[in-house]
Amino acid sequence: MVKSGTIILNTAARLLMPLQLLFSIFLLLRGHDEPGGGFIAGLVAAGAFTLYLFAFGVSATKEVLRMLDPRDLIGMGLLLGMISVVPAWFMGEAFLTAQWWTIPGIDFKASTPLIFDIGVYLAVLGSVLTMVMTLMEVDKDEP
Amino acid sequence: MMQLAVLSGFALAAFAPLFHRWFGDRASFVFAAYPAALALWFLNQLPAVMAGETLVLAMEWVPSLGMSLTFVVDGLSLLFALLVTGIGTLVLIYAGGYLKGHPDLMRFHLAILAFMVSMLGLVLADGLFTLFVFWELTSITSYLLIGFNHTDLEARKSARQGLFVTVAGGLALMAGLAMLGVAGESWSLRELNAMGDVLREHDLYTPLLICLLLGAFTKSAQFPFHFWLPNAMAAPTPVSAYLHSATMVKAGIYLLARLQPSLGGTEMWTVTLSVVGALTMFTGAFLAIRHTNIKKLLAYSTIMALGTLTMLLGIGTEGALIAFVTFLLAHSLYKGSLFMVAGILDHETGTKDVTAMGGLRPLMPITAVVAMVAALSLAGVPPLFGFIGKELMFESVLEASAWRWLVLLLAFSAAILTIAVAAIIALRPFFGQRRQTPRVAHEAPASMLLGPAVLAVLSLVLGLLPVLAGSGLLTAAASAVAGTPVEVKLSLWHGINLPLLMSLVSLALGYLLFKRWDRVRARLALLDPLISRGPEAGYDALMDGVVVVSEWQTRVLQNGYMRNYILVMILTLIALIGNSLLLRHAPQFHIALDVQFHEVVVVGTMVMGALFATISRSRLGAVVSVGIMGFSIALLFILFSAPDLGITQLLVETLTVILLVLVLFRLPRFSSLSTPLERVRDVAVAGSLGGLITLLILTSWSIDQFVPISDYMIANSAPLAHGRNIVNVILVDYRALDTLGEIFVLALAAIGVFAMLKLRAPEKPKKSAPAKENADG
């Protein structure tokens, strides 16, 4: 049903997708201080891939994603979310207590909330992509 | 760190497949090293515990909720822990022989190791939460073990029955433990045991006791919940030898013994426990002799033993508690041994029917001797340890305060019947004429003989030298049950007294019964119609009822129509909110209209969008107007300086459009299916929900019942959480647990979409087939 798009859409998608993905990572990283965060960033990234999907179809998008099945992204996201719990445990603090480290040299603040947010990002991206791609594939299967 | 050592068993269970790849069938011995090492550690604690010390291994879990992983090793815990690890070691070695070459041996090890850890955790736990978690884990792992032969319908059914009965009890237990924690204002068993006087006087005492007893009685197969235990014999014999003799079924007994100092001693406790125990005792022994299947015989005699233990706790005198710990140890030793012997007989002869065996003694001499020793202990013949247990039991029954004569009568008849059962198991297969068995019998391999032999020898040694057990372990255990120091002095010879006389008379009558067993069984067959209407029939009726109700509610509430689900959800919401808002708290608000012009415009657009969506006669029109509504909401968020919410709303709206584009052309033609009456109903439902929510928001705006937590969050988000975006800080830090739950829900939804679209089952030829499968599969 969804055919590959027009030249305008194709060109736009090819140019916009990397920008959108970059923007989503920007949103993800600044989320703790400015509007943004894992959920929003995940939705933006999903939008990027969906645009590409509309322009080039499922198989081309799968090539862009290489080995990554969107369903694996969900799993990775949930796993990251769970892993972010562990450091507090080792520090002898209560479950889910945030831990902060400063990475020397680049003065970047790493933390368990950031790991957690990345987990949210991946889970959201994976979930939305799974839904959209499944719907499109079903279209392809049944004329 | 003992906790980690115990819990590492779960890791070992997880790696079971790997060990099987490395060691093949010999993996059993590798796994047996785990309980063996723990058993050594526990033995090492014996001197300290015997000296009256209580070992407390503190470990926090969720301190803010009062949950701890603290383990306590006192006499009672140590006795159970030694049984769990000791018999566990023997059973693992035995299973290596019994299930040799079985394709699913790996799965067996996985489940039995997980069970072992759960059981250990259960008997060591100090916190009520921990106790409950491990309690439920034993139910689940034993479900996997009973249903080990999962291709067998009977095994699956029995496993499910065991699970339902024990988990239903677990639910009652949860309520009971919660009330116990509230009544005692503590979640630690150690602290609760120190405040028995408070608990016994508390208003909650009666309900909490009822709930706890329900939990314990279902787990320990007390009358009228005894029926699941014989059915659980569908499990492979090593499982029965482990779970259904020494460990899992004694979990309920353990709980009762553990709570004896805090809850015991009241009239309710004494009467309920001694009467239910005595009834169970008699029922078990009586139903046992109806059976010719050796495992069923043993299962029913286990019910009898469990009844005895409950009864002794109910009697609750110092003598009874000494009898309790002695009988507990004696039973675990001989019953574990007998179950393993039953497994050997089944394995080597190919039948479980004792009447089909005979004259096996020359073929399996070692098994015969082991069986004899263990059965003599079961019958309570001197000089075996079982005799001491039985003597003490009779002594305590004679000093019972509540319903003495009924209890005495039941206990005495049970003893006679038990002696007959012991004789059937030990004499029938090994003596008399040689019978043709499905398999040509020969002696079992050493790995299978080790377990029963060790336990039988222990029964004999402890009988001859009762001081070995009595002075140390049992004294500590009895003191823990009593809550005060108790001295256990066991001896084989008590002098000529009433209990000895009762023992002799029961021996004679029991032997007589054994001689006439075939005739008695034929006579008892007349009772079959009555017995088939026992508690198990009630269970079956209940389960059928559950199926009927769930079919009905699926038909009515979840009939597959989206509009129906939404209607049900909204009506529930109206009922719940309406109840608490209108009936329990009077709505109160003062409207102070202070709105700007642009706000009115945005809200107006929103309302228009919503209205147009409901009356639009084209699908695209409805979609667009819902979109308008969504974007107005986003605008509203941004106007009230909530950029995160605004962005999210915008993105979600975009996503909705994408999804709609994908499905729009697949939908059937747009048509109005509702009758005018249904439309009126829908308007009424939607209108009342809208009105109610408006009222709720206005009310919550005008009354401050609680100090808002947002002040705290705003004040602390930068200094504590190092973030200036409070929404994000809430999502990933303050309320990270909620977010974790939400992404799991999201993932489930995605998987649900995937499953519904991709993994469609092939069309079934007939419609009625799946319903039936659900009913019994």
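FYI, residue positions are counted from 1 along the chain as it appears here.
Note that Cβ sites are derived from N, Cα and C of the backbone, with glycine treated the same way.
According to TrEMBL, the feature domain 'Na+/H+ antiporter MnhB subunit-related protein' maps to A:8-130. Here the domain 'Na+/H+ antiporter MnhB subunit-related protein' (A:8-130) has, by DSSP, the following mix of helix, strand and coil residues: 88 helix, 8 strand, 27 coil.
According to TrEMBL, the transmembrane segment annotation covers A:12-32 (among others). Tertiary proximity for the transmembrane segment (A:12-32) is limited to same-chain residues at least six positions away from its ends with a CB under 8 Å from its CB atoms, namely 5, 38, 40-42, 44-45, 47-49, 51-52, 54-56, 64, 113-114, 117-118, 121.
Taken from TrEMBL, the feature transmembrane segment covers A:38-61 (among others).
Same-chain residues lying 6+ beyond the ends of the transmembrane segment (A:73-92) with a Cβ under 8 Å from its Cβ atoms: 98-99, 112-113, 115-116, 118-127, 129-130. Annotated transmembrane segment per TrEMBL: A:73-92 (among others), in sequence order.
Taken from TrEMBL, the feature transmembrane segment covers A:112-136 (among others). Within its own chain, the transmembrane segment (A:112-136) has Cβ neighbours under 8 Å at 2, 24, 28-29, 31-32, 37-39, 41-43, 45-46, 49-50, 53, 57-58, 61, 70-85, 87-88, 98-100, counting only residues six or more beyond its boundaries.
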Averaged over the domain 'Na+/H+ antiporter MnhB subunit-related protein' (A:8-130), the pLDDT of the predicted model comes to 85
Tertiary contacts of the transmembrane segment (A:38-61), as residues 6+ beyond its ends and Cβ separation under 8 Å: 2-5, 9-10, 12-14, 16-17, 20-21, 23-25, 27-28, 31, 116-125, 128-129, 132-133, 136-137, 140
